[in-house]
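To keep things clear, I will list the structure first and then write my remarks on it.
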There are 6 protein chains.
Amino acid sequence: MNSHRSDLLKAFIQQPEWSWTKEAQHEGRVHHWIENVNEWDGKKADAVLLGMPLSRSSISVSGASEYPDAFRKSWRGFSTFNLDEGVDLSSLSVLDLGNVMMHGTDILESHRRIQAATVEAAKRFNDSVTIGIGGDHSVTACAVRGLKEVYPDETIGILQLDTHLDLRDTSPNGPSNGTPIRQLIDGGAVKGEHVFNIGLHGYFNAPALISYAKEHRVNMITLKQARQKGITETVQAALAQLKQTTDRLYVTVDMDVLDIGFAPGVPASTPGGMTTQELFDALLVIGKDESLKHIDFVCLDPVKDTVGLPTVKAGVYSFLQVLTGMALAKRERGE
Amino acid sequence: MNSHRSDLLKAFIQQPEWSWTKEAQHEGRVHHWIENVNEWDGKKADAVLLGMPLSRSSISVSGASEYPDAFRKSWRGFSTFNLDEGVDLSSLSVLDLGNVMMHGTDILESHRRIQAATVEAAKRFNDSVTIGIGGDHSVTACAVRGLKEVYPDETIGILQLDTHLDLRDTSPNGPSNGTPIRQLIDGGAVKGEHVFNIGLHGYFNAPALISYAKEHRVNMITLKQARQKGITETVQAALAQLKQTTDRLYVTVDMDVLDIGFAPGVPASTPGGMTTQELFDALLVIGKDESLKHIDFVCLDPVKDTVGLPTVKAGVYSFLQVLTGMALAKRERGE
Amino acid sequence: MNSHRSDLLKAFIQQPEWSWTKEAQHEGRVHHWIENVNEWDGKKADAVLLGMPLSRSSISVSGASEYPDAFRKSWRGFSTFNLDEGVDLSSLSVLDLGNVMMHGTDILESHRRIQAATVEAAKRFNDSVTIGIGGDHSVTACAVRGLKEVYPDETIGILQLDTHLDLRDTSPNGPSNGTPIRQLIDGGAVKGEHVFNIGLHGYFNAPALISYAKEHRVNMITLKQARQKGITETVQAALAQLKQTTDRLYVTVDMDVLDIGFAPGVPASTPGGMTTQELFDALLVIGKDESLKHIDFVCLDPVKDTVGLPTVKAGVYSFLQVLTGMALAKRERGE
Amino acid sequence: MNSHRSDLLKAFIQQPEWSWTKEAQHEGRVHHWIENVNEWDGKKADAVLLGMPLSRSSISVSGASEYPDAFRKSWRGFSTFNLDEGVDLSSLSVLDLGNVMMHGTDILESHRRIQAATVEAAKRFNDSVTIGIGGDHSVTACAVRGLKEVYPDETIGILQLDTHLDLRDTSPNGPSNGTPIRQLIDGGAVKGEHVFNIGLHGYFNAPALISYAKEHRVNMITLKQARQKGITETVQAALAQLKQTTDRLYVTVDMDVLDIGFAPGVPASTPGGMTTQELFDALLVIGKDESLKHIDFVCLDPVKDTVGLPTVKAGVYSFLQVLTGMALAKRERGE
Amino acid sequence: MNSHRSDLLKAFIQQPEWSWTKEAQHEGRVHHWIENVNEWDGKKADAVLLGMPLSRSSISVSGASEYPDAFRKSWRGFSTFNLDEGVDLSSLSVLDLGNVMMHGTDILESHRRIQAATVEAAKRFNDSVTIGIGGDHSVTACAVRGLKEVYPDETIGILQLDTHLDLRDTSPNGPSNGTPIRQLIDGGAVKGEHVFNIGLHGYFNAPALISYAKEHRVNMITLKQARQKGITETVQAALAQLKQTTDRLYVTVDMDVLDIGFAPGVPASTPGGMTTQELFDALLVIGKDESLKHIDFVCLDPVKDTVGLPTVKAGVYSFLQVLTGMALAKRERGE
Amino acid sequence: MNSHRSDLLKAFIQQPEWSWTKEAQHEGRVHHWIENVNEWDGKKADAVLLGMPLSRSSISVSGASEYPDAFRKSWRGFSTFNLDEGVDLSSLSVLDLGNVMMHGTDILESHRRIQAATVEAAKRFNDSVTIGIGGDHSVTACAVRGLKEVYPDETIGILQLDTHLDLRDTSPNGPSNGTPIRQLIDGGAVKGEHVFNIGLHGYFNAPALISYAKEHRVNMITLKQARQKGITETVQAALAQLKQTTDRLYVTVDMDVLDIGFAPGVPASTPGGMTTQELFDALLVIGKDESLKHIDFVCLDPVKDTVGLPTVKAGVYSFLQVLTGMALAKRERGE
Ligand SMILES: [Ca+2]
Ligand SMILES: [Ca+2]
Ligand SMILES: [Ca+2]
Ligand SMILES: [Ca+2]
Ligand SMILES: [Ca+2]
Ligand SMILES: [Ca+2]
Ligand SMILES: [Ca+2]
Ligand SMILES: [Ca+2]
Ligand SMILES: [Ca+2]
Ligand SMILES: [Ca+2]
Ligand SMILES: [Ca+2]
Ligand SMILES: [Ca+2]
């Protein structure tokens with residue numbers, strides 16, 4: 001193993017500020033089940049998760065940097081058992097790798113660290129599904145570039161659930177949260193035709209970005225179209241197409257794809273978006289799919305959430321839906 | 001009539017702290033229609049309601065004790081006419097019996113009072129539907145035990161709308177709001193197979209409780225299953241089964257069965273729950289059913305509600321849906 | 001042109017307190033596209049909008065007077081491109097005529113000014129769709145009376161999306177926000193049978209008002225009925241009927257038709273209402289209809305909205321849906 | 001007695017929508033002590049209070065119309081015993097006369113009713129201190145005109161605690177909440193030199209109004225000046241001067257005189273205002289003064305108050321401070 | 001050592017649900033400095049703190065049970081250095097003993113556990129100042145009874161900072177948060193004349209309680225009296241008197257002594273209370289006093305606090321003021 | 001003039017997104033009085049203000065970037081007349097130069113632009129007082145470096161009103177909002193002994209920073225010390241000392257110097273801070289001082305402010321106090 005990387009790991013990965021006191025009485029709850037790890041080597045897991053607490057790269061004010069910790073804090077309210085599907089997630093092993101340590105003012109350095117950490121995680125946990133917890137959407141470009149670094153010969157496909165195209169030009173304002181897909185297409189890491197964006201709706205993408213999307217053959221599937229075909233059917237079709245044309249799937253879930261009535265805690269909440277139920281159904285399908293290797297959840301701003309924390313809870317629920325899908329697939333495979 | 005009971009009634013039932021000033025201009029509104037009563041004897045009514053303002057028995061902090069009064073305060077915004085069904089509720093007589101007076105620190109005493117008050121109400125209003133207004137879910141165990149006391153030879157069936165099973169063991173923390181169904185099963189008042197829980201979803205019940213439920217053959221119907229069959233069809237099927245196997249129906253509505261987007265004002269609000277429309281449809285079906293004798297609404301915490309009081313309003317609407325069902329049935333019966 | 005009117009125009013129309021600084025970088029956004037005008041003559045437009053910031057005529061406390069400005073402030077977050085329909089609204093010309101200046105304490109004078117301003121707008125922009133931005137629902141009566149003044153020989157039909165009938169008697173409290181349809185029927189400007197109200201639900205209309213509605217043959221279509229037939233089909237059927245029986249269509253959208261979960265920012269928010277998606281679909285159909293000449297949006301109270309401004313955003317989205325419909329129709333007509 | 005007046009009383013005075021259920025256990029609390037009255041004749045009291053729930057006359061959106069009821073609802077949290085002064089308020093008799101019934105849209109009619117009700121109250125309770133509970137500040141002009149009607153030969157002096165001069169011209173917007181003192185001076189009811197305004201501060205009065213104040217010799221005492229001399233000393237000096245030059249004292253307390261840190265629940269809250277302690281001290285002095293005959297509290301908007309209701313509680317506390325002063329004076333007089 | 005006690009300790013003391021990850025970069029912050037301990041024996045400390053998370057004994061709805069954890073969570077924002085006094089608190093050793101484990105529904109059992117835990121803490125840390133973190137005020141009676149159990153021959157004096165007397169009779173509602181001082185006096189643990197209550201103000205104590213206080217010679221010092229003499233001088237005088245007449249000082253700080261403008265996060269927040277600065281000054285004096293052995297902070301409800309957590313921060317600041325006083329005294333003693 | 005600079009000006013200064021519609025009726029209000037300018041040359045003014053909307057350089061999540069616009073939006077509620085001092089600010093000319101345009105992700109570039117803009121403003125308006133409106137505290141280091149660039153031979157003195165020392169080391173996290181004074185001392189722009197920090201209090205500065213401060217002889221004056229001497233006397237003494245030892249005064253006001261009870265809208269709000277009145281008094285003294293040349297207001301986060309916007313209003317009031325001081329001095333000088 002590259003020892004420079006190892007130093008980097010020590011330097012740039014940190015444990016959350018606090019950790020759960022695990023007691024027997026909490027058995028069967030998510031916070032008791034997911035395991036914190038300080039050492040990455042020699043570990044095996046079905047999934048690993050990595051916090052990417054960066055949001056100073058957001059165009060508007062965002063507290064998405066607070067989400068990885070708010071996410072962990074909310075685990076306590078969730079059981080490992082999914083009643084709808086009759087499956088206990090504790091049949092999976094899930095490791096919490098901690099957070100990538102962010103720089104206070106050098107955003108590009110933070111981006112480099114996210115990329116480097118993704119490289120390390122992908123290498124050391126190449127049998128695991130990696131789950132990134134943002135942070136704003138700029139982290140996705142870093143993570144995908146990291147994967148491209150590890151798997152230079154593979155074609156990467158992106159399934160994006162988002163209200164926005166994220167195709168803004170980086171020239172005026174750098175690699176902000178409005179730019180990740182543009183960065184990847186312009187940088188050659190991903191082709192436009194290998195991006196499927198499901199959940200676009202309404203009046204939230206400028207005409208110029210739509211022209212760019214068409215020009216680069218980004219697959220734009222509006223929420224209206226998805227509902228006509230069925231949300232889960234639409235996701236399955238996109239996954240099928242990506243499997244045919246690409247080698248490695250990266251799923252990115254911008255929580256602002258949800259309707260403002262269900263998810264007020266995102267910087268750009270909008271009416272006319274997905275219901276939580278639709279998102280949960282979509283993520284179950286994604287979790288079941290054998291091609292799932294990498295997924296992230298971004299742009300959830302707990303600072304903006306309302307008192308009962310509907311958005312943070314929807315974030316944890318979404319994460320667990322992916323794991324439920326994985327557990328069902330594992331059961332089906334007889335593992 | 002048992003004079004000890006009568007004293008108990010005087011001792012433990014109190015009128016709300018305030019009462020509506022009834023004026024002609026408010027005719028046709030709910031607060032003008034429902035009648036406050038101080039004396040229980042010699043009254044007849046289609047339905048009677050009784051506040052059970054106890055929430056210090058809740059596991060987490062709960063202001064559900066404030067609900068009976070918040071509920072009454074919100075009546076003013078509701079008409080007696082249901083436009084969807086074209087029925088005027090003033091064709092029914094509804095009495096407000098006041099609140100069971102709670103003890104400040106002796107929770108078991110409060111439970112005894114709720115049970116005793118239920119006994120009295122069931123005896124004196126045995127032709128009426130009794131409607132309990134919680135309070136947290138611990139009040140349901142008291143009420144059902146009270147009914148068992150009055151009707152020792154009857155088999156009681158429970159239709160529960162809830163996100164949770166409420167099957168926690170009472171040994172560590174006593175008869176809290178997580179335990180009512182467990183209390184009733186363990187105490188022999190109700191059999192597990194006579195409990196139908198509709199609305200369970202997601203990750204909100206510990207594996208051990210699910211095992212208990214299976215072992216005692218509690219009928220767990222997830223929201224996903226209910227939606228596949230149709231919510232109203234699912235409720236009708238459960239009512240039909242309960243009619244075949246039990247003598248007396250008790251319906252208990254835990255308002256946390258609703259999705260957090262519609263009902264933030266419950267201690268354990270979750271995403272992925274029922275919409276208010278689904279609950280309203282279910283309650284109309286329940287109200288229409290001739291077997292309805294007892295119903296309660298619990299775990300609505302007005303202290304946690306947001307500014308426009310969506311949850312309190314949903315609580316009043318829910319209550320009126322049951323009455324609408326009753327009024328439709330009455331009309332159909334030609335009364 | 002009537003010079004008295006012209007003076008009136010100068011006296012009673014005012015620009016919003018502030019105006020957008022238009023910069024190239026905002027091209028493609030709504031606030032960059034809609035044009036402010038100080039002079040009404042010699043202008044042509046597909047649509048004109050006029051603020052009617054009156055809410056002291058509301059029965060309950062209302063900040064709907066703040067909506068016209070909150071509405072304009074929120075434009076900045078919206079693109080001119082509707083992705084669902086693939087249409088760029090900048091193919092339409094839309095003028096912002098400013099606000100009718102309200103009197104501080106003389107509500108009837110404010111009503112007269114709204115009527116007079118509507119007369120002027122209807123005359124000078126008789127090829128445009130006029131869009132009123134309330135204000136509470138009392139403004140609708142003024143606007144319709146204004147149209148009747150301009151087109152005395154035409155029969156006016158009203159399509160109302162509302163939770164309420166707005167048929168209260170004006171005798172106790174004057175022309176408040178609960179009375180506009182009653183005013184128009186009693187005043188002879190509109191016949192009850194030419195009013196279609198879609199979206200009524202639940203327990204929010206007093207029995208006496210329902211009797212009045214029946215007596216005057218107001219077409220009451222509950223949300224439940226509309227859903228059974230399909231919301232868009234219901235709207236299309238109402239439009240078709242109105243086209244057959246009336247000469248001029250006035251559409252009035254009371255934002256309280258929306259469910260409280262989606263639109264907390266209205267004085268009388270209720271559970272059991274329309275979803276934003278349903279309203280958006282209905283408005284698209286309305287916008288496409290060639291008979292659309294006049295529409296208003298009322299009773300949205302931004303002061304009561306929650307932090308992310310879901311209701312204000314739903315208001316802007318609703319307005320854009322109408323324009324999207326118009327743009328689609330225009331494209332279809334090959335203009 | 002004037003029978004016209006009597007009819008007016010029946011027509012325009014109403015009891016609050018609800019009333020307290022008085023129980024022995026609440027003895028010693030304010031809501032148990034203050035007595036509701038339906039009949040005004042033949043009653044004697046140290047003080048009478050009258051709600052004036054009008055705020056559609058406010059320049060900005062105001063929910064001050066909700067204050068009389070919020071005020072009564074908050075009594076329950078207050079004891080009749082003032083510990084600082086060692087006096088029990090139950091030594092005074094205080095009657096709640098109910099609310100003046102407001103017209104829904106005719107503000108001038110509402111103003112006439114307030115004036116008429118003040119006339120009646122002043123006549124029938126001429127030995128009592130009358131306490132008006134607004135509503136916005138426009139009610140003060142009505143009340144003072146009413147007193148002038150009853151006591152045409154008396155010179156009225158005004159002690160105003162306010163951040164604002166309330167000297168706006170009525171010509172553009174009528175008798176709004178920014179105009180009461182101007183109305184009274186321009187209308188000849190009160191002379192500018194007989195108005196003492198204590199609490200003015202900062203940047204909240206336009207230059208033109210200050211010119212008017214100087215021209216009419218209104219006594220402007222800034223908060224800074226009052227603090228230099230001592231708040232209570234300043235109030236005492238103003239009372240002394242008014243006693244020398246006028247026959248009848250009217251005290252008007254605009255709750256926006258308080259600093260925004262203590263009283264967020266007013267339409268125009270400002271930093272740099274009075275602390276609650278300073279206001280409470282001032283009101284004690286006022287209550288002790290034998291010349292106190294009439295006082296009102298205005299512009300408190302409970303809709304805008306924060307969760308713990310600091311402003312409403314400060315409003316009740318303020319009211320009780322006046323009564324404490326009265327009780328101390330009564331004790332001193334040996335009554 | 002009593003082995004029964006030891007078992008009790010194991011059974012009823014628990015670590016907080018989570019613990020800080022201590023990192024070098026946090027040196028100099030409170031959360032890095034205070035040490036968590038699982039074992040009580042063989043430890044020495046200047047002060048020990050013990051959470052008492054009970055609030056179901058509160059008369060009104062209270063989330064004070066959440067305070068011990070909210071308190072610890074807030075440590076992170078505080079330095080160990082007090083700039084005003086130029087002293088570094090890290091010169092003191094402070095141990096966090098964890099929380100007394102509460103029973104879910106048996107309040108008396110919870111009270112017994114608090115008493116037992118106090119006994120243990122007092123015995124094992126008899127050289128330390130013990131600091132109780134409530135919970136509501138009922139915990140104080142338990143703690144004082146515990147001390148009486150350990151030191152049966154000592155006379156206990158109480159310095160209480162509170163808006164309320166806490167002298168309610170336990171007969172109707174048991175040992176609730178309104179009763180602790182009454183419990184201690186009636187139970188013979190403390191004499192009324194050995195209680196000094198500083199901070200009483202306004203209208204928040206019923207006449208009957210004041211009579212009881214006088215009868216039992218409780219020293220009632222109103223805030224007004226304290227300010228006249230000087231808050232710190234008043235505290236010093238009370239401490240001096242208590243030293244003369246009692247053997248052991250117990251200080252209890254009800255955070256509702258603070259004004260609602262500074263501390264909204266208490267169940268019974270009032271205007272007219274202490275400023276935070278006054279409380280901080282008082283606590284510095286108390287911390288400096290050599291007689292300080294036991295102190296608690298109660299009735300702070302973080303659930304009711306506003307967004308910036310002013311009350312929780314005031315709670316931590318208050319706690320640190322006591323320690324600052326102790327550190328200054330230690331420095332003075334040359335330790 | 002340097003033409004490179006001129007281009008920079010065009011490139012990096014932008015007008016606010018919107019501007020006030022100035023109408024005669026608003027005469028005498030701040031928003032009507034302050035003049036927007038697009039061209040800087042040939043203008044003269046008593047004061048110029050420049051927005052510096054940067055807060056992604058903040059350690060914790062901050063919306064201080066929104067303050068310059070929130071500040072301007074709030075002008076409308078303020079008169080130009082200061083009643084306490086009897087002075088009309090319209091005797092001063094004040095220009096609004098717009099905002100420095102920030103880069104979306106390159107924080108150092110944003111810092112360079114702030115520095116460059118300060119250089120331009122200082123050069124072109126060298127007779128004016130320059131007023132910076134942050135943004136977070138990192139902007140101060142840029143501004144002072146800019147002044148050092150324009151006046152390389154002058155010694156700069158800093159009067160800082162702050163809860164914090166802002167002496168954090170830049171090495172781990174770059175030039176964040178915790179570092180400006182450290183940057184200036186380490187960079188040689190300012191000497192520690194020429195920094196006076198007034199308002200420090202409590203537990204909000206790490207021991208290591210205090211050591212640095214002592215080492216570099218930064219003048220730390222705690223709030224407690226300032227109150228003992230008098231706030232205004234303390235400020236005057238600091239100004240006097242700075243005048244003796246330095247050539248050019250820079251005043252920087254971190255709004256978090258205010259107590260959390262008055263100013264919740266700052267990222268690091270604390271109890272125990274300054275009252276608004278104390279800050280307003282201090283700023284009046286500063287405004288009167290002839291040595292005032294440069295001042296900034298930083299770290300006010302309107303996103304975190306409560307509903308009535310107490311902090312934003314305190315920010316505008318603070319700004320006006322400086323101008324009031326200037327106007328008084330001007331009047332005294334007979335200008
Ligand atoms: Ca995105
Ligand atoms: Ca997005
Ligand atoms: Ca339950
Ligand atoms: Ca439940
Ligand atoms: Ca309406
Ligand atoms: Ca309506
Ligand atoms: Ca006023
Ligand atoms: Ca005022
Ligand atoms: Ca207490
Ligand atoms: Ca207390
Ligand atoms: Ca600072
Ligand atoms: Ca600071």
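In case you wondered, yes, glycine gets a Cβ from its N, Cα and C as well.
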Practice task
Pick the one from F:HIS137, F:HIS194 that TrEMBL also lists for the Mn(2+) site with F:ASP162, F:HIS164, F:ASP166, F:ASP254, F:ASP256.
Solution key: F:HIS137
Handout entry: Nonlocal neighbours by CB distance (under 8 Å) for F:HIS137 (Mn(2+) binding site), same chain, sequence gap 6 or more
Key = F:ASP162, F:ASP166, F:ASN177, F:GLY178, F:PRO180, F:THR252, F:ASP254, F:VAL298, F:CYS299
Completion exercise
Residues sitting within 8 A of the centre of the F:HIS137, F:ASP162, F:HIS164, F:ASP166, F:ASP254, F:ASP256 CB atoms (Mn(2+) site), not counting those, run F:GLN160, F:THR163, F:LEU165, F:ASN177, F:VAL257, F:VAL298, F:CYS299
Exercise for the section: Would you mind pulling the DSSP three-state label for F:ASP256 (Mn(2+) binding site)? Expected result: helix
Practice task
Check each residue in the chain of F:HIS164 (Mn(2+) binding site) that is at least six apart in sequence and keep those whose C-beta is under 8 Å from its C-beta; list them in sequence order.
Solution key: F:GLY178, F:LEU200, F:PHE204, F:ASN205, F:ASP254, F:ASP256, F:ALA268
Handout entry: Fewest Cβ neighbours within 10 Å, where candidates are the binding-site residues F:ASP162, F:ASP256
Key = F:ASP162
Exercise for the section: Let me know the DSSP-derived helix, strand or coil state of F:HIS164 (Mn(2+) binding site), please. Expected result: coil
